[in-house]
Amino acid sequence: MSATEHVQLGLPELPAEPYPAEVRERLDADAAAVVARYPQSRSALLPLLHLVQAEEGFVSRTGIRYCAEQLGLTTAEVTAVATFYTMYRRRPAGAYHVGVCTNTLCAVLGGDQIFAELQQHLGIGNNETTADGSISLEHIECNAACDYAPVVMVNWEFFDNQDPESARQLVDDLRAGAEVRPTRGARLCSFKETARILAGFPDERPGAVDESGAGGAPSLAGLRLARGETLPGTGGGTKVVAPRQQESTDEGDAEGEQA
Amino acid sequence: MTATHPEKLLSPVLSATWGEEKPWRLATYRAHDGYKGLHEALRMNPDDVIALVKDAGLRGRGGAGFPTGMKWQFIPQGDGKPHYLVVNADESEPGTCKDIPLLFANPHSLIEGMIIASWAIRCSHAFIYLRGETVPVLRRLHAAVQEAYDAGYLGQNVLGSGFDLDITVHAGAGAYICGEETALLDSLEGRRGQPRLRPPFPAVAGLYACPTVVNNVESIASVPAILHQGKDWFRSMGSEKSPGFTLYSLSGHVTNPGQYEAPLGVTLRQLLDISGGVREGHTLKFWTPGGSSTPMFTDKHLDVPLDYEGVGAAGSMLGTKALQVFDETTCVVRAVTRWTEFYAHESCGKCTPCREGTYWLVQLLRRIEAGEGVPGDLEKLNDIADNINGKSFCALGDGAASPIFSSLQYFRDEYEQHLRERRCPFDPSASTVWAGTRGRRSTLGRDRSPDEDPPGDRGQDGRNGDFDPSENGVLA
């Protein structure tokens, strides 16, 4: 909080400016569509906060005022919700939100090193944005992709099985404006466009839904085994710790067969 | 024993189509018996659908293992109130990674299950609460729901049955606690995600104080196959009390991490046997049966049947079947510290034992890991965990205590080594995926916790101290 810039001793902060009329007009149509999805209007608050984030790239005081007016809430009520959830940014940030998983499993498998090296490479710390406004960096919690660890998310698309080199290359490509494709997900759009999808407006880009297949090798590992295929590294005997008994070696030697 | 024959050990049902062409599309789903279960259900009386799911013995796949059919039966009928179905797709438990790949590859299995469940409990508006951080899944859910509307599976008069159903896909905004069902409902009502006092239970007063069923994604996605293939087929897999198939998610220091769908009751040894085992040249040290909130196991537990009863009898919980495997290079203190930082970060702040307790656990663990611990720290750690466990408002607190208790039970020596040697005896670079393969080392030395000030960075906790374990012995 930049307390030194906004000290107003004894006076409460003035209400935020509303959005300009033309922005408001556009947002009103979207907001009405969001509210219509729910039996009770307040349920629209989380998607509306995503919607104002899609407008400005973060949840501003103006955005909070807008949500409050749409739903008949006070700005205090909306602020209480907006500050509870980690996906709502509270100040302007980068066009690409890079999140490195540093929960235990990813951290141990290398997420800590990736995060440390990305901070050094970009010259920014956790929750900071590069001076050119391209990249914000954050360490994130478990993102339900542990079988692809270590995982990096960019605008909440999956970049699986990362290492420090691939992660550095990724952010360099993003900064250079190169087209970047996630391992699971669609070709990247900006953070604001991502926020609009989160507000419940489907991705309109042709083919976006079908990009990147059904999942990588980990998603299909069990299925392939069940079909009699061999996974990498499963030939040539067992590697299990402390096997109860010596397994018979009738499994063939299919070492290295890439499924 | 033919434990090493994967074809016999595994039973892909939910994952059976994942290798097909665009399995997330309606056409592919229908080409593989998709929506046949729904046709079956709509021919039945709703109460009979509930009875069938109950008789099949399907139990909740989100962690607690509560019988799904019984949850449906608790919904009071003829009460004149709207009924709601809310699917918990807020998959955030550390290590858990089953619902996200399932929804990414096969979203229609969930949608079909939701229609069947809604028919059974007489619900006309159902919700999918998906965690927001998984946009690729959100994209496919948007598309799949639209396909279902276009095909007449959703909307007015579903397949001519006279039954109306709408599904709303709702993206969360980043909060682990919203995986707790009552916190999820508060969040879906547009509030901070904080758990509610129970009773009343959601079946009586859930969403908008109306009767509500909250089910996990995998539970609901398992329903269509039961309708289509029957309860006897379902019961032919698994055990008497834990029938059926489920997704086991193998991750960590293993040769082939991934999703392994099998009848309930397989063992980690069997899964490792067929999948290539622990990574080359290493040995198993500790693992979780169902995410970080389930007490950890060691190599002594390789033959524990991974069903609700088997894991419970061995002192843990089946949880989400998130099998996170760590080898001998992993510092258990580091692992537990990081999980505890997670719980402190995600504690919603509503109840004191969890909010304050997780904060102090982090302070203690960080200094122990850094070699700054003092005699008595382990007793204090145990004591604080004991003051959270069973004394907090919801299960997040119990989950926070689990890794502490279980790691002290199995690895107390390792904690004591940190105290005695006044350092962490492990090299974190040896645990990485690329250790040994590229000969690269971190250029930055010992990786520290990435978060200097964990509780409070989402502004709900004014304390937000800059605690540096190297300088400051707060409890000393």
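Keep in mind that glycine also has a Cβ here, set from the backbone N, Cα and C atoms.
Per TrEMBL, the features are:
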BINDING   A:C101, A:C106, A:C142, A:C146  [2Fe-2S] cluster binding site
REGION    A:203-259  region 'Disordered'
COMPBIAS  A:248-259  compositional bias 'Acidic residues'
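Mapped onto this structure are the features recorded in TrEMBL.
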{"residue": "A:C101", "record": "[2Fe-2S] cluster binding site", "Cβ neighbours (10 Å)": "29"}
{"residue": "A:C106", "record": "[2Fe-2S] cluster binding site", "Cβ neighbours (10 Å)": "32"}
{"residue": "A:C142", "record": "[2Fe-2S] cluster binding site", "Cβ neighbours (10 Å)": "29"}
{"residue": "A:C146", "record": "[2Fe-2S] cluster binding site", "Cβ neighbours (10 Å)": "30"}
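Filtering the binding-site residues A:C101, A:C106, A:C142, A:C146 for a Cβ under 8 angstroms from any Cβ of chain B leaves A:C142, A:C146, in order along the sequence. The secondary structure of A:C106 ([2Fe-2S] cluster binding site), as reduced to three states from DSSP, is helical.
Reduced to three states, the DSSP call for A:C101 ([2Fe-2S] cluster binding site) is strand.
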